[in-house]
Amino acid sequence: MSKAAPAKKPAAAAPPPGCTLDINDPQVQKAAIRIQASYRGHRSRKELRENGPPRVLEPLKDVMLIEGSAAKLTCRISAFPDPFIRWSKDGKELRDGPKYRYVFEDPDVVALVVRDGELADLGQYSINVTNPFGQCSDSARILVEVPAKIQKGPDNTKARKGTTVKLTAEIMGEPAPDVGWTKDGEDIEEDDRVFFEIGSTTTTLTIRRATPQDSGKYEVYVENSLGMDQSFARVDVA
């Protein structure tokens with residue numbers, strides 16, 4: 001008796017049209033690269049969620065704040081479990097509220113928004129991140145730009161001959177403004193009798209041993225790269 005011939009296996013069915021992949025196809029290779037990158041990103045995010053002390057991934061950067069506008073300090077951190085965030089300015093803690101807003105944009109991105117910018121917002125800002133495994137911190141500066149302005153001009157003054165006259169104006173601006181004084185439209189030439197001083201927030205014109213010739217219209221002006229301002233006062237010496 002002869003052995004039966006083995007049954008032939010049916011031929012594999014051809015895949016439907018459009019279901020084949022050519023590994024040499026540039027588009028297929030690009031798709032594979034994107035899948036690998038996505039997996040690496042997922043694995044990286046998973047690793048960042050492992051228990052451990054907080055770390056700063058992207059530090060704070062100095063920002064410029066224009067008067068009347070808002071500024072945002074942004075920091076990317078790694079922390080799990082979720083950390084406690086504290087912001088401070090020049091060592092003083094800032095409370096979340098209308099002026100300072102704590103912002104959590106992503107699981108690992110935190111920010112501080114400073115609203116209604118003014119010169120007083122100039123300073124060093126710090127973030128402190130704490131969880132049960134440790135803490136980290138970082139700092140940056142907010143730089144404020146304010147157009148030069150005169151907050152309060154000098155007062156009109158009447159004086160007796162031989163007395164000392166002082167005209168004072170309250171000024172502000174960042175960068176610090178240039179300051180000048182004029183009398184009847186002419187720049188004042190300083191000497192030991194007539195001179196002016198410039199402080200951080202005030203400027204004062206002093207006239208010693210005043211004479212009737214010192215009577216006139218005095219102007220103080222301030223100017224920086226963002227703007228200028230001026231104010232006038234009348235001096236009468238008799």
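Each residue, glycine too, has its Cβ placed from N, Cα and C.
Predicted automatically and left uncurated, TrEMBL annotations should be read as such.
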* If you check TrEMBL, which stretch out of 1-23, 70-92 is marked region 'Disordered'? -> 1-23
* Structure fact -> Across the domain 'Ig-like' (54-143), DSSP labelling yields 3 helix, 59 strand, 28 coil
